[in-house]
Ligand SMILES: NCCCC[C@H](N)C(=O)NCC(=O)O
């Protein structure tokens, strides 16, 4: 009886869903801040005397790419993964959320001051101080939100393994997408409400993130209690989890399956998140949408994800077909970006339909991708494995927006209106299409590798885990 009460938290459905709600809320706040500058691109490019910061598309691209600077070049994400496997989810999560907070504060400080119009030369290019300081803040924030992302994945594996794992991951992503949707949809309205302010929406994000930190601290209390309960109820027969060793990185990176997953991740996400950074501007330039409402159609993408990601996650839990789901998502991606690149398809209804389709594709792939990683990598190396995958992905999240900014300024300017350039988005959209084609190729290789190695990507999660539990019980019976 006592044991039953003691083990309650780890087995309580309410507790695990409460844990999910707490950590997913923190991620919602993180994603809100990640994407909130996208609908302000037009304002950021407005000349200073018109109330903007007078950035070029190239400068906007530089700022956006800052997200990955520290993660990619200083290997912060990889260190984050190691810290996660060594120090655990509670320490790492609080650390990551605090880093996010400091980062947003610096970004807010950067855009709120003009620093007397001073500039500085870095690697031969001139940077205005607002751009530089805001980018450094965003780079720090990127470290925090990425480490928080891998931490939350590990939390979900800890609390949901053998249960509704893909559904839980899907729901967590759905919450994150609410953050993205709100960022894209309401930031222009917030900005307008405060007299076309760029700094006020960021300040609001800062306050939201403080609430996100409190939410994570409540999770910390629950998780600690669970560990105490688990330790008290331990019979001593349980297999102790192997601690993480440095050589584990080598074990991970020598797996072909890992590389297929990482490459698919960078290619697929490079065609979605960087696209979203430019989508409001695409709506203005290609579909003639008013800047104030330019975020509305792109915001439908993350809002579509909210329903569909858990739906597909649940489907994967019950029916499997993870590798096939990723192939279908990649095919859809090619079609959608290809249609976006055709200049005469410029009616807003086309934009609406394509964004809805992209929402479906962007629900399919993540709902199968993230729950598939634990099928390839053992749990004690999961933090590091997710970190390595995110590290590879960050090259894309950093490099692609930067490249698109350069391409826009160099090859796509069609004229000037109110001191701002207008763009033809055909070439950027063709670049995104190429990512889709490469993603399709890699997802086919992943499916082949799964057939060869028997990772079980095509098998249902719930069925598979139940079988393992049954097999373990039978072994236990035999030993007794
Ligand atoms: N705009 C947020 C970027 C988060 C990237 C993160 N590494 C990630 O891929 N998370 C999973 C997801 O599907 O959002």
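Just so you know, glycine gets a Cβ as well, placed from its N, Cα and C.
What TrEMBL lists as domain 'Major facilitator superfamily (MFS) profile' is 19-451.
Cβ atoms under 8 Å from those of the transmembrane segment (15-34) belong to residues 8-9, 67, 93, 97, 100, 104, 141-142, 144-145, 148-149, 152, 155-156, 159-160, 163, 168, 171-172, 174-180, 182-183, 202, 205-206, 208-209, 211-213, 215-216, 218-219, 222-223, 226 of the same chain, restricted to positions at least 6 beyond its ends. Sequence annotations record features per position, and here TrEMBL assigns transmembrane segment to 15-34 (among others).
For 66-84 (among others), the entry in TrEMBL reads transmembrane segment.
Within the chain, the transmembrane segment (91-111) has long-range Cβ neighbours (under 8 A, six or more residues past its boundaries) at 23, 26, 30, 33, 53, 80, 83-84, 129-145, 147-148, 151-152, 155, 198-199, 202-203, 205-206, 209-210, 212-213, 216-217, 219-220, 383. Taken from TrEMBL, the feature transmembrane segment covers 91-111 (among others).
Counting only same-chain residues 6+ beyond the ends of the transmembrane segment (131-153), those with a CB under 8 A from a CB of the stretch are 23-24, 26-27, 30-31, 33-34, 53, 55, 59, 62-63, 66-71, 76-77, 80-81, 83-84, 89, 92-93, 95-111, 113, 115, 120, 122, 169, 172, 370, 373, 382-383, 386-387, 390, 394. Per TrEMBL, the feature transmembrane segment maps to 131-153 (among others).
If one looks beyond the transmembrane segment (165-186) by at least 6 residues along the same chain, the residues whose Cβ comes under 8 Å of a Cβ in the stretch are 16, 20, 23-25, 27-36, 38-39, 152-153, 156-157, 159, 276, 279-280, 295-296, 298-303, 305-307, 309-314, 316-317, 363, 366-368, 370-371, 374, 461, 465. Marked as transmembrane segment by TrEMBL: 165-186 (among others).
If you look up TrEMBL, you'll see 198-221 (among others) marked as transmembrane segment.
Sequence-distant contacts of the transmembrane segment (258-276) (same chain, six or more residues past either end, CB-CB distance under 8 Å): 35, 38, 64, 180, 184, 252, 298, 301, 326, 329-330, 333, 337, 358, 362, 365, 369, 372-373, 376-377, 385, 388-390, 392-393, 395-397, 399-401, 404, 432-433, 435-436, 438-439, 442-443, 445-446, 449. The transmembrane segment feature in TrEMBL is assigned to 258-276 (among others).
According to TrEMBL, the transmembrane segment annotation covers 296-316 (among others).
As annotated by TrEMBL, transmembrane segment applies to 323-342 (among others).
The feature transmembrane segment is assigned by TrEMBL to 348-370 (among others).
The transmembrane segment feature in TrEMBL is assigned to 382-405 (among others). Distant neighbours of the transmembrane segment (382-405): 56-62, 64-69, 71-72, 75, 77-78, 80-82, 84-85, 92, 142, 146-147, 149-151, 153-154, 157, 244, 248-249, 252-253, 258, 261-263, 265-267, 269-270, 273-274, 277-278, 373-374, 376, 428, 431, 435; these residues of the same chain sit at least 6 beyond its ends, with a Cβ under 8 Å from one of its Cβ atoms.
Positions annotated as transmembrane segment by TrEMBL: 425-446 (among others). Outside the transmembrane segment (425-446) by six or more residues, the chain places 257, 260-261, 263-264, 267-268, 270-271, 274-275, 278, 282, 285-286, 323, 326-327, 329-331, 333-334, 336-338, 340-343, 396, 400, 403-404, 407-408, 411-412, 457 with a CB less than 8 A from a CB of the stretch.
If you look at the transmembrane segment (348-370), the same-chain residues 6 or more away from its ends with a CB under 8 A from one of its CBs are 153, 166, 169-170, 173, 261, 264-265, 268, 272, 279, 283, 286-289, 297-298, 300-305, 308-313, 315-316, 321-323, 325-326, 328-330, 332-333, 335-336, 339-340, 457. Taken together, the residues in the domain 'Major facilitator superfamily (MFS) profile' (19-451) have a mean pLDDT of 93 on the 0 to 100 scale.
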